[in-house]
Every structure is written in structure tokens, then in C-alpha cells.
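Here's what TrEMBL has on this protein:
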type	residues	note
BINDING	His11, His13, Glu97, Asp210	divalent metal cation 1 binding site
BINDING	His133, His160	divalent metal cation 2 binding site
Amino acid sequence: MANLPPLFDTHAHLDEPSLAAETEQLLTACQENGLVGVLTIGTTVESSRGSIVLAENHERICAAVGIHPNYVSQAGPSDWDAIVEFAQYDSVKAIGETGLDRYWDHSPIDLQVDYFKRHLQLTRETGKPFIVHCRDAEPDVLEVLAAEYQKHGPLNGVMHSFCGSAETAQKCLDWGMMLSFSGMLTFKRNVELRELAATVPQDRVLVETDAPYLAPMPYRGKRNQPAYVKHTAEVLADCYGMSYKELCQITTANAMRFLKIN
Ligand SMILES: [Zn+2]
């Protein structure tokens, strides 16, 4: 077990009820599959607080704090202040998830943009990278990111569960961002996504699960968990034509550099 190549799941929601009930079992599975870290992602103030508690109680877990675009219209006046405070904690390594979502359309787009910009500013203030959720909103997300880049220079962030166009990928890379691939990379029909993944510079690529959602093949449709990140890593290794071990080493080194974990 000690010789397993290292893996890092850069996006999971361990505070979700379906996962929070069995943190210990999930971490055992992580250990059995070589995971050295899991970034658990906040979506509300409550879930950000829950993520911090998980990170402070488990060595392998670190936290991201933020308000997901689908929840910004539920955020109360003091909620953003709490996120700003949480962002200072040592156990917090990233800001988010933020971004824009026109698929669910739970919150007015202007409000989503307002919160997206707040997260970007918090990254500038803390030096901790932001995590972008983008669903049916590529042009809007690019507009916000382009403005940020023009005003403040290179972007310290990641496009999570990337499934956008090659043009979008190139812009994000040009702006200095990372691209993270989830279980969607393993779905049979996503041939173009695998072709795109093969072109991403090796120092800009991350892997994630987005657990409990988006389980990779062969678990598609089931509850996802961080240990399953290995299936996405196997497919990504094939995309690059490299060994699984090398892919694990590269993506884990990227994750640790990106999150400033030693
Ligand atoms: Zn997420």
C-alpha cells in the first residue's frame, strides 16, 4: 500500500449528508487507493463551516470556502463576512466554489456575477486559489475572467470538472489557470473531452471526483467518493499516453503546488 502512486482529489463535497455519515470509511478507501489529499468544497456558509471542521479533524482533508452560484440568492447579509473570515484559516486552501450556473437558474445572473467577483477578490487578498463552477454559462464566465485578467493579471484559479470547448480551455490556460477533470472524462461518449485533455500542458492539469456526484465509469450513476478519482486518473493517463504512476505523480504535485501544501 505504501508504494501506491499518490493521488489528490481536488474537488469533493464531504460535508454532503450521503458522505458525511461515513467519513472514516471514505478515508480508509482513500488510503487503500493511494490518496494523499482531498479538497472538500464549501457551497454555503454552513457547508464551508462543515468543510473546515472536516479539515481540522482529518490530516488528509483540506477545505475550500465559498458560496456556490446556485445558493447566492439564499445568502444572508452576514454570510459573505463569514466566508471572508473563514478564508483566513490555515486549514482553508482555496476559495469556492464560485462561478456561474444558467442551467439551474436558481439565482439571478447579476447576483451570481456579483458573488463570483467577490470570490476573485478574496483570492487576490488571501493568495488562495479560486474554484470555478461553470454550467451552461461559458460566455458569461469568460467575460468575468477576462475582465479580472485585464485588471489584475494572471488568474490563480481552476476550472473545475472541465467540460468546455477547446477555445475556452485555451483562454483559461492563457490566463494562467488550471483545468481539472472529473468522472465525465471517463464517460464513453466524451471523446472530444479526452482529445482536449491530451492537449493540456502537464503542469496545468488536476483530477477530481466532485463526489458525491458524477461518479466515473464503472460507477456511473452511483454515489461517488474520493477514492474513485483513480478511475479518472487512469483515463487521463491514457489520454496523455503516459503511465498511471507518472500521471498520479504529476497531478498530485500540481495539486500541492496549486493549494500551497507542503
Ligand atoms: Zn462542486
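Our numbering is plain: 1 for the first residue shown, then up by one each step along the chain.
Glycine residues also receive a Cβ, built from the backbone N, Cα and C atoms like all the rest.
Remember, TrEMBL labels are computer predictions, not curated facts.
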8 Å Cβ shell about His11, His13, Glu97, Asp210 centroid, divalent metal cation 1 site members excluded: Ala12, Ile41, Ile131, His133, His160, Ser161, Glu208, Thr209, Ala211, Tyr213
Count of other CB atoms lying within 10 Å of the CB belonging to His160 (divalent metal cation 2 binding site): 27
Local Cβ density at Glu97 (divalent metal cation 1 binding site) - other Cβ atoms counted within 10 Å: 26
Cβ neighbours of His11 (divalent metal cation 1 binding site) where a neighbour is any other Cβ within 10 Å: 29
His133 (divalent metal cation 2 binding site) in three-state DSSP notation: strand
Cβ neighbour count within 10 Å of Asp210 (divalent metal cation 1 binding site): 25
